[in-house]
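Presented below is the structure to which this report refers.
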């Protein structure tokens, strides 16, 4: 086995400790607070702009079919 530095050994022990804890009891469940803290990756403004582009493009295509 390769020689490990003390820092690597500590990191491996910490990793194994977390893995063993999750193996025994599974992944921890998310609380309501955790779910509330999950924020959207896109801001509301960008969602509105994206919606405008999609809906506007669709309307222009429909209008171009009739005229």
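Here, residue 1 is simply the first one shown, and the rest follow in order.
Each Cβ is built from the backbone N, Cα and C atoms, and glycine gets one as well.
Keep in mind that what you see is a predicted model, and the values were worked out from it rather than measured.
What TrEMBL says about this one:
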{"type": "COMPBIAS", "residues": "1-16", "note": "compositional bias 'Polar residues'"}
{"type": "REGION", "residues": "1-31", "note": "region 'Disordered'"}
{"type": "TRANSMEM", "residues": "46-66", "note": "transmembrane segment"}
DSSP helix/strand/coil residue counts for the compositional bias 'Polar residues' (1-16): 11 helix, 0 strand, 5 coil
Residues from the same chain, set at least six apart from the ends of the transmembrane segment (46-66), whose C-beta lies under 8 A from its own: 40
